[in-house]
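Asks: The following feature annotations were taken from TrEMBL:
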BINDING   D98, H206  Mn(2+) 1 binding site
BINDING   205-209, 331-332, 380-383, S387, 406-409, K482  GMP binding site
BINDING   H237, H331  Mn(2+) 2 binding site
ACT_SITE  H406  active site, GMP-histidine intermediate
Amino acid sequence: MLTRNDLQKISEIEWLIPSSYRQGMQGNVRIFASWHIIQDCLSDLSLEQAVNAASLPGLVGEVLVMPDVHQGYGFPIGGVAATDAHSGVVSPGAIGYDINCGVRLLSSQITVAEARPYVSDLLHALYATIPTGLGRGGLHGISQKQFIRILEEGSRWALHNNYANAADLDVTEDGGGIAGADTSKVSDRAIQRGMEQVGSLGAGNHFIEISVVEKIFHPEAAAVMGLIQGCLCLMIHSGSRGLGHQICSDYVQQYQKAQTKFKFSLPDRELACAPIESPEGQAYLGAMRCAANYAFCNRQVMAYLAQQVFERTLSGKCKYPYLHTVYDLAHNIGKIEKHRVEEVQREVCVHRKGATRAFGPGQAEVSDRYRAIGQPVLIPGSMGTASWVLLGTESAMLRSLGSSCHGAGRVHSRKSARKMIRADQLIQSLDAKGISVLAGSMKGLVEEAPQAYKDVDEVVDCVVAAGIVTKVARLRPLAVIKG
């Protein structure tokens, strides 16, 4: 196990595990975190997993660890790694089971004062309208032909079927659809699992949250985003449901059987990978993009349903009962991108697992609306704590492969949380803070209690101090739906 003596301190929020730490490492591990957070990391396997990831064939640069890091399957959640897009590998475990788990934020001109009497009505209407929980279905009547189009088109399917407008796609990462999706590489089982779940939240840490803009730190950027202090926002955190999980399972199993064929010797079989340019590598990338497109469409449909709920519930009670998309982004994804690494421009496959793209100003990949200021970075807190809106920076492009953290990050496992926290006490503590909550199960609610997570403000302060993001706004929760 790693100890404090194995870490080189660069600054108060930056640490290094050199490639000399273990034979086979292709690069360093760089950690953006406070010492307080590092101490938590040393109690699980997250940093060991980052060291293992540094052995991935074709690694370019360093493995990066964000302050929300915690142990995952093979690769740490809160980790980023790039491999050469031609001679490197792709690892499903380094992207995650919930492919394109991500966040959508919607803003409004609805003041908290005028909406407060109706927050409970909004919460119950959202809960009745958007299916939540493990295995719960979504839109009815979607044919397999339509479903295949969702996998190929992503949010464009929603646009063509009146669940979106063009402005929504303009402020969605990749326009809500990644090119190169190949439905022939998706198993029948994956299609069966995903077909009836479009427009549904799911379980685990997925949520819908009504919040208020508590404080603005960057007025110019907030104005571009439509964020107004004292006005309501809605945040949706969800992913690719059973489809993405099955795709990851399928390819992890396939890759684990093929490691001898590829002559790979990895320190952890959960990092099983394939050369990007091999048929196996291209098959996974094609299937992964299908899951990513599905997740973009899933959040788009839920956002549309939420907009309808707000308009129905608040019409005649608030002057402007409308929600508008601020941004939608992925935080479990693999993408082919160009980055300058060690003074050389390289085409790489960036694995982001529990990490958010944080491209700075002027990057062509950032939507027109935000290109001048940088990509919005949405950081949901734990249930009952603040969420943050940040901006990617030019420094992120040089220091972190244009990446940032994705949330607070667990500090206690779900099993530990169930032992530590009682549901009735949790609900009482949230109620004392003025936060209403609805959940599919008390077990799931307890697993997602704020005490199970790091301090999101500390996490955000770390990435801000590292120079890879800047603060725009802090959001305070009013009501939460947990899957």
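Backbone N, Cα and C define each Cβ position, glycine as well.
Are these features on the surface or tucked inside, and what touches them?
Replies: DSSP gives H206 (Mn(2+) 1 binding site) a coil state; it is part of no helix or strand. Listed in sequence order, C101, T132, H237, S238, G239, K482, G483 are the same-chain residues at least 6 apart in sequence whose CB falls under 8 Å from the CB of H206 (Mn(2+) 1 binding site).
The Cβ of N332 (GMP binding site) has I95, G96, D98, I99, N100, C101, G102, G239, R352, K353, G354 as same-chain neighbours under 8 Å, each 6 or more residues away in sequence.
Secondary structure from DSSP puts H237 (Mn(2+) 2 binding site) in a beta strand.
According to DSSP, H406 (GMP binding site) sits in a coil region rather than a helix or strand. The Cβ of H406 (GMP binding site) has 29 other Cβ atoms within 10 Å, all protein chains considered.
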Asks: I'm trying to understand the geometry here, so how far is the Cα atom of H331 (Mn(2+) 2 binding site) from the Cα atom of H406 (GMP binding site), in Å to the nearest whole number?
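Replies: Distance (Cα to Cα, whole Å): 6 Å.
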Asks: With every protein chain in view, how many other Cβ atoms are within 10 Å of the Cβ of I208 (GMP binding site)?
Replies: 26
